[in-house]
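For reference, the structure discussed in these notes is given below.
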Amino acid sequence: MAELTIRPEEIRDALDNFVQNYEPETAVREEVGTVVTSGDGIAHVEGLPSAMANELLRFENGTMGIALNLEERQIGVVVLGDSDGIDEGSTVRGTGEVLSVPVGEGYLGRVVDAMGNPVDGLGEIKGVEGRRALEIQAAGVMDRQEVREPLQTGLKAIDSMIPIGRGQRQLIIGDRKTGKTAIAIDTIINQKGNWESGDPQKQVRCIYVAIGQKGSTVAEVKGALEKAGAMEYTTIVHAPASDPAGFKYIAPYAGSAIGQHWMYQGKHVLIIFDDLTKQAEAYRAMSLLLRRPPGREAYPGDVFYLHSRLLERCAKLSDDLGGGSMTGLPIIETKANDVSAFIPTNVISITDGQIFLQSDLFNANQRPAVDVGISVSRVGGAAQIKAMKSVAGTLKISLAQYRDMQAFAMFASDLDDTSRRQLDRGARLMELLKQGQFSPYPVEEQVISVWGGTTGKFDDVPVGDVLRFEGDVLEYLRSHSNVLTTIRETGKFDDEAKDAAAAAFEEVKKGFKTSDGKMLAGHEEFSPMADEDIDQAKIVRAKKG
């Protein structure tokens, strides 16, 4: 057997010859696929064996698509745009890229589509700082820290009983036309004070993702934000109802990518998904057209993962990563107040709490129509300032007892004094929690209102006059006391501040007139008696004596 010898000079000569004759263009083989079938926003393509999952593909007419189904012989592609010109036999090429959107400060104040392109007619977006992939891994356990900084919504019913913290995922759920979007918009407007402070630790950048909404609805939202001066720190990502299902599917991920860019820079972000029900329906339509096996309610098996991988990106990052945060307010629309349906239960299990809006309360003019009984925040008091935590501790149980007592009182004719007082105070607390749209309250004013309600300062005020009396008290405190400033700066509501607030309530009561023109009980004005009346009174007393 011949001995095997290795000659280094032969190996070196072979390598030198290969390098000298190497031509780069012959090394890269461009794959070209062919459309087999096309329709309903879905194309089946053959001939791209190296395509990646979620890779961007370019059709012959320039339209882009996402490779969602990688089968043995075909690729199922979701078309991102107009399907005209995508016919059987037309060519498809891979780009080697996954879907991404531009990110940066230039997006503040703009309205963009699901691909990050401006649609507000204000020209190109300036200040783009790069691109970020839509499908990006959420922060790991060790990259996060606990949620403990409050994110104020400006709504008394939420900030007092269902507090939201920076980095939390809080679901807003309810039937159509119950005020879900109004809560989200009020929360954005309430961040204006923080933005104007100029303090990066206080400022919150807001992203409103409109999924499958009417164009008129989004225009209305944009107009409300502009009127309130909130558009300068807000980005609207718009995937209207007229868009193909693919755009509604990717829009939440596009908004999340824009927000994550700021979060990893150590900034604070609020993102609103309005609403994820429509995203799930778009994903269901795509999956059925791609012939994926349907499951419960015809949704595909991975619809839970659709929302979990999106909402898990909301986090409060560790200090090592800059301490930024992204707070998520996903919105889910129910049918007939059924929270046990598939998508609502999925998102409830993913999020850190839910705000349930009841249509009966909304129709009874109790707005925001928050059902305190089944609404909860799993972060709880950790996301409240000390002042609010100290005054709101008994509010939720007081309202729960009021609801029980109210149901009992419908069938009971005689109630003892304690029960009647409980009913009277509960009615005033419910009135106190009413709030007009686009009129968020600063947290220090909320503290005064909640404290006054829970300590009986409104008990002698007629229910119909509670909000007017509250406004008078807050106006008095703004001009006659530094109580509000103390709460805002220290976050505490000490005994001295309570005494000053109690004095303000009493002072306002002296001059407050109810809607029927009367003074409050114990604060009536008595005019001096005329001389003849005094003489007559003396005669009457003398006769009795």
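Don't overthink the numbers, they just go from 1 along the chain as shown.
Glycine residues also receive a Cβ, built from the backbone N, Cα and C atoms like all the rest.
Feature annotations, courtesy of Swiss-Prot:
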{"type": "BINDING", "residues": "Gly174, Asp175, Arg176, Lys177, Thr178, Gly179, Lys180, Thr181", "note": "ATP binding site"}
{"type": "SITE", "residues": "Ser375", "note": "site 'Required for activity'"}
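If you count neighbouring Cβ atoms within 10 Å for each of the binding-site residues Arg176, Lys177, Lys180, the highest count belongs to Lys180.
Cβ neighbour density within 10 Å is lowest for Ser375 among the recorded positions Thr178, Ser375. Same-chain residues with CB within 8 A of the center of the Gly174, Asp175, Arg176, Lys177, Thr178, Gly179, Lys180, Thr181 CB atoms, the ATP site residues themselves not counted, are Glu333, Leu357, Ser359, Phe362, Ala369. Around Gly179 (ATP binding site), taking its Cβ as the centre, 20 other Cβ atoms fall within 10 Å, counting all chains. Here Gly174 (ATP binding site) comes close to Lys180, Glu333, Thr334, Asn337, Phe356, Leu357, Gln358, Ser359, Ala369: these same-chain residues lie at least six apart in sequence, with C-beta atoms under 8 angstroms from its C-beta. Geometry remark: Gly179 (ATP binding site) versus Ser375 (site 'Required for activity'), CA distance 15 Å. Cβ neighbours within 10 Å of Thr181 (ATP binding site), excluding its own Cβ and spanning all shown chains: 22. Thr178 (ATP binding site) and Ser375 (site 'Required for activity') have their C-alpha atoms 15 Å apart, to the nearest angstrom.
In this structure, the CA atom of Thr181 (ATP binding site) is 17 Å away from the CA atom of Ser375 (site 'Required for activity').
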